[in-house]
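These features come from TrEMBL:
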- 53-195: domain 'EXPERA' (DOMAIN)
- 25-44: transmembrane segment (TRANSMEM)
- 56-77: transmembrane segment (TRANSMEM)
- 116-134: transmembrane segment (TRANSMEM)
- 141-164: transmembrane segment (TRANSMEM)
- 176-195: transmembrane segment (TRANSMEM)
Amino acid sequence: GAHPYVPASLDLPGYVPLRLTQLEILGTYLGTSLFVLVAVWLLSGRCRRLSGTDRLLMCWWAFTGLTHILIEGPFVFTPDFFTKTNPNFFDEVWKEYSKGDSRYVARDTATVTVEGITAVLKGPASLLAVYAIASRKSYSHILQFAVCLGQLYGCIVYFTTAYLDGFNFWASPFYFWAYFIGANSSWIVIPLLIATRSWKKICAAVHQSEKVKTK
């Protein structure tokens, strides 16, 4: 049947059109995300000896962890999301996002694999990072560094496979810049910054340890 995705020849038997508007979907997602960020910021203020940077990191890891699990998880485990006659909010999210990358509605194997790893491994690990920072655990920085590498690797695979497969999966330039580029850019810029910070912290700790040993 007819659908709003590119290429137009994409076969989506049983496709059910979107019920929610773009504003309803984005408004709900952004509003909920803002609530999570504010809630974690306020709660983190009750943790003693945490710097402003640590509190911001807790906000990021809570947001990204919940996004990985609650948004990307349903995509992975609901292969028929675009045919459901009574779709839930998450089905609608992915029908809308597919306007920026039709590989999602087409169930592209590389995309499903990357999202599966993200939802199952990086999601819980991100929430563990919130706890590790709040509790000042010794593994906090190695955990953050590892998850950041995983997120960066996922983004590299995501964009590279899109390029190799023809780089033509968006309904218009708006969806290319807003969804394909805009919605994913945070998971490149922020993990790069966090990984750099954690690398420096780990190196400084090892250097200090070596100095103590040689005394």
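Any Cβ shown, glycine's included, is placed from N, Cα and C.
Annotations in TrEMBL come from automatic prediction, not curation.
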- Note on the structure: Among 25-44, 56-77, 141-164, 176-195, the most Cβ pairs under 8 Å with the transmembrane segment (116-134) come from 56-77
- Task: Report, as numbers and ranges, which residues of the same chain sit near the transmembrane segment (25-44): CB under 8 Å and 6 or more residues beyond its ends.
- Result: 50, 54-56, 58-59, 62-63, 66-67, 71, 89, 92-93, 96, 130, 134
- Message: Please list the DSSP helix, strand and coil residue counts for the domain 'EXPERA' (53-195).
- Response: 108 helix, 0 strand, 35 coil
